[in-house]
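Colleague: Per TrEMBL, domain 'ABC transmembrane type-1' is recorded for A:70-261. Residues or ranges marked as transmembrane segment by TrEMBL: A:5-25, A:69-94, A:106-129, A:141-165, A:186-207, A:239-261.
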Amino acid sequence: MKRIALNGAGLLVALFAAFPVYWMVATSLKPNREIFASTPRPVPAQPTLEHYREILTGNLIPGVTFLDFFLNSVLVAVATVLLSGLVALFAATAVARFRFKLRTSFLIMLLVVQMIPLEALVIPLFLMIQRLGLYNTLPSLILTYLGFSLPFAVWMLRGFVAAVPKELEEAAAIDGASRMQTFRRILFPLVAPGLVATSIFSFITAWNELIFALTFVNDQSRYTLPVAMTFFFGRDDTAWGSVMAASTLFTLPVIVFFLLVQRRMVSGLVAGAVKG
Amino acid sequence: MSTLTEAPEAAAARETPARRRPRVDRLPYLLLLPCLAIIAVLLLWPLGQVVAMSFYKLNNVRQLRGTREWPWVGLDNYVQILGDPFFLRVLRNTVLFAAANVVLTMILGTLVGLLLNRLGKRMATFVASCVMLAWATPALTGTIVWKWIFDDTSGLVTWLFNKLPDGLSTALFGRSDWTGYGWFNSPLLFFAILTLVVVWHSFPFIAVSVLAGLKSVPSELHEAARVDGAGPWRVFWSVTFPMLRPVFGILVVLSTIWDFKVFTQQFVLAGGTQDRTTFMLSIYSYAEAFSPPPKYGLGAAIAVILTLILLLVTGIYVRMVLRQEEDA
């Protein structure tokens, strides 16, 4: 009896959590007459890819397709990931491998800057972008997202670096390896999985961001996907099939990546809260 | 393989660094340099700059580009905002919204965490996977889907309300035909739906964190309490909660910070920044600065106020984390 009640509650939670995602995908696969039918169907009766074809082949604005926005987003996110991964790896190595004077201050600063409300930085960063002449360019966004993703990336990576046994590096040093060689041959390969996890986090940060992309880029052909979606969505409130197809394409990579790293995110955010 | 002649030499080098290397090892500082430079330029400098901007009258983009001068107005922007009854309404909206969302997210998240801990292995995996989906969905698309669910003609909620027996629907809400009903038109309903969207997005993180915490509590403690005749309510408050107090503390602070500055969900749900009746601090600051006519100085002042409020909460958070790092 108790078992049944618990399982029932579990199913309710699962339904509440997963239903919107399911409904997004289901709607994207329905022909219009099913989407706008007076009685909604829980499952598409005649699934169709017409909405996907529509958004992938049609021009959202003259000469620019969904794919162009997708590529803008990929470009920005990948550049962010590469830059922030490299810089974070250096910093994490410094913090996890060396004891130096400002180490604790640096760690506290990392925690504090993660709490800066980024929404409050739109105006001063807009000023900086204007001054640098980067307004209306994708690098303006890469620069912005680099700053946003870096503190958490360092925080997360330092755990991975610390987890590599120091003895391995010491052994390499004894064998006469230089510091650079030790870093490249010993530490880097062992930290690589952590670097991937961290990169995925930075990717999601850059991929999902809306406000700054909305503010720093004016030329429609340079919109990232979230801005294009807002624009595309605001223009026509009734094309729900295409909107859901676009949403699905936007969401899919995030869900896949997210499931790969979510464990680390929890441990990064509540670091030290639970003694294990 | 190491040569035997080299090994003792290298070991000696490590033990007496002062003789072989410069007194201070510069390498860690070199490694930190790029990171520090980026944080300083892209986060700390703008933070100072937003404070500076709040003391100027900046109503033209040419001023930002540096081709027009910046008239200093002192505290005028703050005086104007704090004296405006509209600001008080925005502040009240923000605080009430954050409070409601933190409480609801914490309750739902904790309940789901406890539930996941009690379910059988397969069921728990299934439910946890579904919960992950809500967490993984980007704020943007999650909000768009909820907007579709609340669509006034073909949305699922509109259909559900139309399905209610007409008499009941009329008795409860004073209408039986819901087609064309503007779910987002009244501020209260708008905030209710926004709360639904935000709680849906944020309860998974709480649930997973609470679950992780529960796994670290030895199950003997629960059993002992139960043997002593404690009911589930008592077990939670006397055993589970005290053990997880540090986790709860951090989760409440993080949620407060996140819910205070909700932007994307509100922007998408409201379809932009036109609807001033549902403004909260972050969107208010953005709208003042960027919707024409631009008022960057005024927007900056609002951003500073938002930052100060969050700074207070952050102070609490950092103290908690540091205390736990010391304990660990």
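Each residue, glycine too, has its Cβ placed from N, Cα and C.
On this model, are these features tucked inside or out on the surface, and what's nearby?
Modeller: Same-chain residues lying 6 or more positions outside the transmembrane segment (A:5-25) and placing a CB less than 8 Å from one of its CB atoms are 244, 247-248, 251, 255.
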Colleague: Select the range from A:69-94, A:106-129, A:239-261 that forms the most Cβ-Cβ pairs under 8 Å with the transmembrane segment (A:141-165).
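Modeller: Going through each listed stretch, the top one turns out to be A:69-94.
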Colleague: Are the transmembrane segment (A:106-129) and the transmembrane segment (A:186-207) near each other by the rule of at least 3 C-beta pairs under 8 angstroms (pairs 6 or more apart)?
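Modeller: Answer no, regions not in contact.
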